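**Student:** Can you keep this structure in mind? I'll have questions shortly.
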Amino acid sequence: MSERKVVLVDGTRIPFLKANTSYKNLRSYDLARLALKGLLDKTQLSPHELQQVIAGTVISNFTTSNVARDALLGAGLPYTIPAFTVTMACISANQAITSGIDLIASGQKDVVIAGGTESLSDVPIRYKKKFRRKLMAAQKFTKPWQFLTFLNLKDWLPEIPRVAEFATNRTMGQDCERTVSRIGVTRREQDEFAIRSHHLAAEATEKGFLSQEITPISVEPKFQLVDKDNGFRKDSSMEKLQKLRPAFVKPHGTITAGNASFLTDGAAFVLLMEEEKARALGYEPKAVVKSYAYTAQSPHDELLLGPAYAIPKVLDQANLTLQDIDVFEIHEAFAGQVLAALKCLDSDTFAKENLGRSQKVGEIPMDKVNTWGGSLSIGHPFGATGSRLVTCAANRLIHENKKFALIASCAAGALGHAMIIENCRG
Amino acid sequence: MSNAESKDVILQKDDGVALLWLDRQGEKVNTLSVKTLDSFSKLLDELEKDPEVKAVVLISKKKDNFIVGADLDVLQTFDKAEDAQKASQDGNDLLTRVSKFPKPFVAAINGTTMGGGLEVALACHYRIVTDHPKTVLALPEVKLGLLPGGGGTQRLPRLIGIQKALGLMLTGRNVYPHKAKKIGLADEIIHPHGLLQAAKNVALKLTKKPHKRKKRMGFMEKALESTPLTKNIIYNTAKKQVMRQTYGNYPAPLKIIDCVKRGMGTNLKSGLQIESKNFGELVVSPESTQLVNLFFAMTDSKKNPQQDKVKKVEKIGMLGAGLMGAGIANISATKDIRVVLKDISMEAANNGFKNISKDIGVKCKKRIYTAFQKDTILSKVFPTDSYKSLRNTDVVIEAVFEDLDLKRKVLAETEAVVRDDCIFASNTSSLPITDIAAEAKHPERVIGMHYFSPVPKMPLLEIITTDKTADWVTATAYDLGVKQGKTVIVVGDGPGFYTTRILAPLMNEAICLLEEGAKIEDIDRNMKLFGYPVGPITLLDEVGLDVAAHVTDVMNDLFSKRGVTGSNVAKQITDAGLKGRKNGKGFYLYPKKKGKKKTINTDIYRFFGGNSRKTFDREEMQLRVALMMVNEAAVCLQDGILKSPRDGDLGAILGLGFPPFRGGPFRYIDTLGASKVVATLESLQEKHGVRFTPAPILQEYAKNNKKFYN
């Protein structure tokens, strides 16, 4: 059986914006349809060639629970294209992309669009369980006085949405505090990493590197043109960050609003094809997919250490070592979380105790990591980030004329993901 | 079971319900003709006697129409008002039989239901409509210079109230299912697949208890329609509004008001008689004859003469996202064509996108589109500042500034990126296409597509072909135009092609009149009285004086060869900073505040010999201005710019507002007689010079007593 190679033709995203800014009137459906439209424009793909759309999302909206399908229809794509939505916390888009890779590799599809969308400005807020039960029961009420049960005003208060781990009831920030303390990452290290991220994103924006992956869009109702991310801070400095108070563990924690990723709205997609199909359609693909891996750890102690597990796994699968990789795109949920993962990879103890390896995986040189900014500065729309990482990694490979890029990410539920892609144009 | 004589109406009995299936043989649509009426009448006899039949359902076998109206070919055969009146009376007698039928009669409506079709439905006891996207109800007779002659003017106001009925009949506008239900025109809405069963159910139910319907009227509406005095206010207001819009040039709307007014003052039977009499008079009126001619010409032009050579257009490129560019993008995206909207900057392209979005948004508010449809339409428009996005387009239309060098430049830039089967179309209003294509690598793929502003509203597309334009290119552009909902004419190349070329002398004449001392308001008013929707001076302001100056420049050679020199005053005025509506100052002053009316800019008279103004004879003024256009149209036919008088009439009416009831320049000449037109022109020539020299073709037609239409 001849092996079917899966290539990344191109990818794009709409600018990632802080929640409750210019996208505040849009839903995740809108963000997705605008990003899809942008990808079609960018790749000049004939809609008739497209066979599948897959989207990742985390905070699903009841009205568009299969947002991939609704967005493809809203984007005016042919209704004959099947679509599904996946959810896997912060690696939802990664899961969407690898599902697309599998569909192509197994010969079921030749042309797939995958990515994800997230609006944190449009979080569905609902009543508490007790009150929802009352409302359901009320449908069968026959006597007026039965409605008196609604007089309890406390019932009418909504449930406060909270990004907490279901199994442990801890927020991700609390978990990250536990990890950084355990591994030994200081507040200063975290703040330095955050500043680095902001400065690199500002620089990449200024130099136009990021505009390769961004589709400018026009946002109703004022139709303002949005063509840049708005979360990074060019003027970020140690002096300013040190002033911030801990957000999760008070008063002695180390994680602040300054070294954690912020709530973000955005959507991103990539166009995947079987290599020969891509060439037949006249494309010069950007990258070919080498290998990918998923890992899962204990949600109690290792919630955010995914990359430390997934990176060695994917390297082994691809028969490569850390030294073979020139471009790293590592998701930055928290500065502390990235640094903790990097320290684990560089630790013999961790390798022996947790990975069952005799030696550490190795040290990742910082000049290869997230050199165009990361989730701390560009933002982190949960369901879309994975697609941004893949596109950015491919663009960096081409820009630096290097061979291999590695994408790695952690996710709630103590999940991890890593993927290796190879430059097609090198 | 069935023993109906005609296959146009098929009777099927089903559980005590007689289903009358309308299925006009050999046609895609059901129309009403004398033949259908005859067979229908016999069927009624049969159904009335048949004890098995408890109720009747009238339903169409066609996919997307119930009945689209009366057969217009038949209407055209009536020479005498009495004959048309008789036909209306026969129809009304039959429909009265339906309305008084002893068994319940249900109209099951799916698809287009127009004119006579709606009147048949109005005579039924119950109307159930589907929510199919093609289901629309209307009484559009007024657009043909007619009135609803099948009881519409009587039954509609009795069903939904006078004000709503007048509104529908005077505009001929479409009523969509939900609105129909809301105003009481339809009794029930159902999905298309459930129509038959629902109609049968309701028909049987009505055998037990007749349908009671509440009049769905607002409080004020009800109050106004409750006393004779207030009713008179309604009629007078309607009449005033009609006069304001038509200057009394169209008899039909006035007769519709008359029918309703007199009919509502008496019983249904006498009302129907009044209606039939008025209908007869309108059928033979010259206004209606011309409007029906126009309708046929428009229908005829929907057929692409070279349909077999059409290449599929799925994606177009639009260069320039201004008013024109955005308009063309708008009408394309709404017809499922993807559009790359390119301008020099992302801001400019985005601004065009914004305008499209706003227009679609307004249509959403009017419930023409849903919010989701709006998303899908806007998803088809790709604003950009890069030529790269044009890579996969099938047609690129340019709407950049009217400058030959610029147009050649964008053509070259486009040719560099597009596929080699991509058409380049120029939306110029005056520059010859041959000149634009002079340096093209592929002149065979260059064509003119002249749209009119505002694009979504103006119905005409003028396609201009050069000697080199390939047939498939013309055929494809034609197809695109029809898909965009335009009436298309194909004309030859030259300065101003057809429409701009015949407009220029008319505008020039208006300026001549100003120079001779006429008043701005007199010229505009007199030409509106003649039947133009907008006066020529107002039009100059709308078009822009800078544009007018440019057009004069482009056309200059053409006319000076014939010894006619156009006025260059437009240039002087532009140089003085007056550009018309676009900068708020022209022949009129346009206040910035909304709702304030424009006023005459008397200061502009300094370009026309000062402030002392005089009054001209109205008819002479009208003839001078109108005949300039008519005569030039004849020259265009003679020069081969026009391929047929039909195209000439369509172009003048739909593109330039030539009075529709006069049928267009060529129909107008035929009506007056070529010899009379020539005589008038000659006498004007004596007074005002060579610009009035009758076209040789007119002189020939006059001599041989020929007509443009037979």
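Yeah, the Cβs are placed from backbone N, Cα and C, and that goes for glycine too.
Below are the features I grabbed from TrEMBL:
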type	residues	note
ACT_SITE	A:Cys90	active site, acyl-thioester intermediate
ACT_SITE	A:His380	active site, proton acceptor
ACT_SITE	A:Cys410	active site, proton acceptor
DOMAIN	A:6-276	domain 'Thiolase N-terminal'
DOMAIN	A:284-422	domain 'Thiolase C-terminal'
**Student:** Let me know how many other Cβ atoms fall within 10 Å of the Cβ of A:Cys410 (active site, proton acceptor).
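**Tutor:** Looking across every protein chain shown, the total is 35.
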**Student:** Helix, strand, coil: count each for the residues of the domain 'Thiolase C-terminal' (A:284-422), based on DSSP.
**Tutor:** 58 helix, 35 strand, 46 coil
**Student:** For A:Cys410 (active site, proton acceptor) and A:Cys90 (active site, acyl-thioester intermediate), determine the Cα separation and express it in whole Å.
**Tutor:** 7
**Student:** Which of A:Cys90, A:His380, A:Cys410 (active-site residues) reach within a Cβ distance of under 8 Å of chain B?
**Tutor:** none
**Student:** For A:Cys90 (active site, acyl-thioester intermediate), what is the secondary structure by DSSP, using just helix, strand and coil?
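**Tutor:** In three-state terms, A:Cys90 (active site, acyl-thioester intermediate) counts as strand.
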**Student:** I'd like to know the mean pLDDT over the domain 'Thiolase C-terminal' (A:284-422).
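**Tutor:** Mean pLDDT for the domain 'Thiolase C-terminal' (A:284-422): 96.
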**Student:** Using a 10 Å radius around each Cβ and all protein chains in view, which of these active-site residues has the most neighbours: A:Cys90, A:His380?
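**Tutor:** The most densely surrounded of these active-site residues is A:Cys90.
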**Student:** How big is the gap, in Å, between the Cα of A:Cys90 (active site, acyl-thioester intermediate) and that of A:His380 (active site, proton acceptor), rounded to a whole number?
**Tutor:** 9
